[in-house]
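Right, one structure below, let's go through it.
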Amino acid sequence: MGVTVVSHPLVQHKLTIMRKKETSTASFRRLLKEISLLLCYEVTRNLELTTMSIETPLMPMEAPVLEGKKLVFASILRAGNGLLEGMLDLVPAARVAHIGLYRDHDTLQPIEYYFKAPEDIVNRLVIVVDPMLATANSAIAAIDKLKERGATNIRFLCLLAAPEGIERFTKAHPDVEVFTASIDECLDEKGYIVPGLGDAGDRMYGTK
């Protein structure tokens, strides 16, 4: 399906501020919510529409509305929730899935500790959100789980991606399109994206 880099000037400006090491936790969290609105706009750009009959104060008309079942936003905990908040402001009727994964710092492999999703995700568009696509291990594991539950129409949304992560992800799930604000240089020896912005979860919650 490929990779879409969202190059909108507002996205890039806000991302630069988020990258700065002196940006405060409060500012980082606010910027993440703001940028999630802009990214959500892009990832939902080609949703299908139908029409319904309504009445304006002046006359009846056929007006466009979203077709099909409501979206599912699937957040990879915990950092994914930073993107989720803004996206729910934009699409408040969306269903939500939570996927609890943490990365073993020695093996860099994901360990699942929580999974909760709507039962009827088979015919829904599922947008998986996680700020970072680094090794891609967590993203691949999350989408493996969603596909086990029957999801077939999936997109992945992140702030930053590493070339190594994109390569692994697209090999594992070639049917899932990736949306990101930036493809950075590479991964370092600890599996962090560089130049990156640090650990998104730690910067969002003020933890180490």
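Numbers run from 1 along the shown chain.
Cβ coordinates are placed from backbone N, Cα and C, and glycine is handled just like the others.
Copied over from Swiss-Prot:
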BINDING   ARG78, ARG103, ASP130, PRO131, MET132, LEU133, ALA134, THR135, ALA136, ASN137, SER138, ASP199  5-phospho-alpha-D-ribose 1-diphosphate binding site
BINDING   ILE193, GLY198, ASP199, ALA200  uracil binding site
Rounded to the nearest Å - Cα separation of GLY198 (uracil binding site) and MET132 (5-phospho-alpha-D-ribose 1-diphosphate binding site): 10
Inter-residue C-alpha distance, SER138 (5-phospho-alpha-D-ribose 1-diphosphate binding site) and ILE193 (uracil binding site) (nearest angstrom): 14
Residue from ARG78, ASP130, MET132, ALA134, ALA136 whose C-alpha is spatially nearest that of ILE193 (uracil binding site), among the binding-site residues: ALA134
Protein Cβ atoms within 10 Å of SER138 (5-phospho-alpha-D-ribose 1-diphosphate binding site), excluding its own: 27
Binding-site residues listed as MET132, ALA134, ALA200, least Cβ neighbours within 10 Å: ALA200
Residue pair ASP199 (uracil binding site), MET132 (5-phospho-alpha-D-ribose 1-diphosphate binding site) - Cα distance, angstrom, rounded: 9
Pairwise Cα distance for ARG78 (5-phospho-alpha-D-ribose 1-diphosphate binding site)/ALA200 (uracil binding site) [Å, integer]: 9
Between ALA200 (uracil binding site) and ALA136 (5-phospho-alpha-D-ribose 1-diphosphate binding site): CA-CA distance (Å): 15
Alpha-carbon spacing, MET132 (5-phospho-alpha-D-ribose 1-diphosphate binding site) to ALA200 (uracil binding site), which is rounded to whole Å: 8
Local backbone state of ALA200 (uracil binding site), from DSSP in three classes: helix
Rounded inter-Cα distance in Å - ALA200 (uracil binding site), ALA134 (5-phospho-alpha-D-ribose 1-diphosphate binding site): 12
Longest CA-CA distance among ARG78, ARG103, ASP130, PRO131, MET132, LEU133, ALA134, THR135, ALA136, ASN137, SER138, ASP199, per record bound to 5-phospho-alpha-D-ribose 1-diphosphate, angstrom: 17
